[in-house]
Amino acid sequence: MTSPIALVDGTGFPWPVYGSGTSLRDTDCSTQIAAALRAGFRHIDCAEMYRNAAAVGAGIAQSGVPRGELYVTTKLLPVPAGATAADSLRGALRTMQLGHVDLCLVHEPVGHRDLAETWRQMEACRTLGLTKSIGVSNFRVRDLEEIRQGGASVPVVNQIEVHPYVYEASLPVLQYMREHHILPVAFSGLAPLWRVQGGPLNPILDAIASRMRDTTGGAVTRAQVLQLWLRKKGIPYTTTTSTPDRLYEYLAVAQLPDLDDDDEQQIDAAGRTAHHRFFCKYIDEP
Ligand SMILES: NC(=O)c1ccc[n+]([C@@H]2O[C@H](COP(=O)([O-])OP(=O)(O)OC[C@H]3O[C@@H](n4cnc5c(N)ncnc54)[C@H](OP(=O)(O)O)[C@@H]3O)[C@@H](O)[C@H]2O)c1
């Protein structure tokens, strides 16, 4: 694990994060969660939307890692009429058999009757001790502005899709977040490897991995180069895998040297030649 990043509310954000979404959605992922924790991950990302909270809780229990050494993030869906975010979070905690989460996010800005009211309910979750920190996910500048104008506190993070094929389009929201001390947390950072066939990045990633292999004397993979690119940008990431060896491949990034500026610029330039967004396509709408 890399050193935790200080959040604006004074807490620390451990990373890399192991996610229970995408390929693990709707599955009994307890074995994968336990394996990730035993390998060394200390931060699990889950969500109401993934419908696997009981398995996440079971995996945490099976791992034997004490709760005090763990950081758990969950994400809430819009609440039904008459209910509150605290009702949803209490339900999630019961299912996971946890007393609190460390970070609770509004999963998406869409589908809420009143986003500023949703944010006030998130603040209530923190006051009630159900979560230590609160943040958002998939928020655009306009959504962040809406809650800034209606709420008392800023979200500590905005979890968003970031990889080289979407980086250019993300610059305005990243700039806004920098100005307001909101940490970006990437998901789908490895999308160029498995959601895009071929693609202009591949030869660049191979060339950088090959050069790094020569300088470090060990294996360096395309996935590690993409994760180093996020680190170079100052963006911690949520990833996942069902392949046990990949857990160690991801964790080994912490021991690799930073990309140099030229590597970063080459990846940026190749990423700019194609735009691919895989989640929340409304983000690209004017
Ligand atoms: N807030 C949101 O709206 C949102 C949206 C999406 C995701 N997330 C969170 O972020 C987590 C990670 O999302 P993600 O799955 O999109 O992350 P990712 O890091 O982009 O991709 C992880 C996947 O990459 C595959 N992979 C790794 N190396 C590869 C290689 N060399 N070639 C081909 N495939 C390779 C792995 O496959 P194997 O499993 O086969 O090893 C794994 O399933 C989710 O679990 C969830 O917690 C949040």
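Every residue gets a Cβ built from N, Cα and C, even glycine.
Automated prediction, rather than curation, is the source of TrEMBL annotations.
TrEMBL lists 28-191 with the feature domain 'NADP-dependent oxidoreductase'. Feature annotation from TrEMBL assigns active site, proton donor to Y50. Annotation source TrEMBL lists site 'Lowers pKa of active site Tyr' at K75. Feature annotation from TrEMBL assigns substrate binding site to H107.
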Inset, instruction - Compute the C-alpha separation of K75 (site 'Lowers pKa of active site Tyr') from H107 (substrate binding site), stating it in Å without decimals. - result: 5
Legend entry - DSSP three-state assignment (helix, strand or coil) for Y50 (active site, proton donor): helix
Legend entry - Rounded inter-Cα distance in Å - Y50 (active site, proton donor), the residue listed as 'substrate binding site': 11
Inset, instruction - Fewest other Cβ atoms within 10 Å: which of the recorded positions K75, H107 wins that one? Let me know. - result: H107
Inset, instruction - Reduce the DSSP letter at K75 (site 'Lowers pKa of active site Tyr') to three states and note it down. - result: strand
Legend entry - Mean of pLDDT values spanning the domain 'NADP-dependent oxidoreductase' (28-191): 97
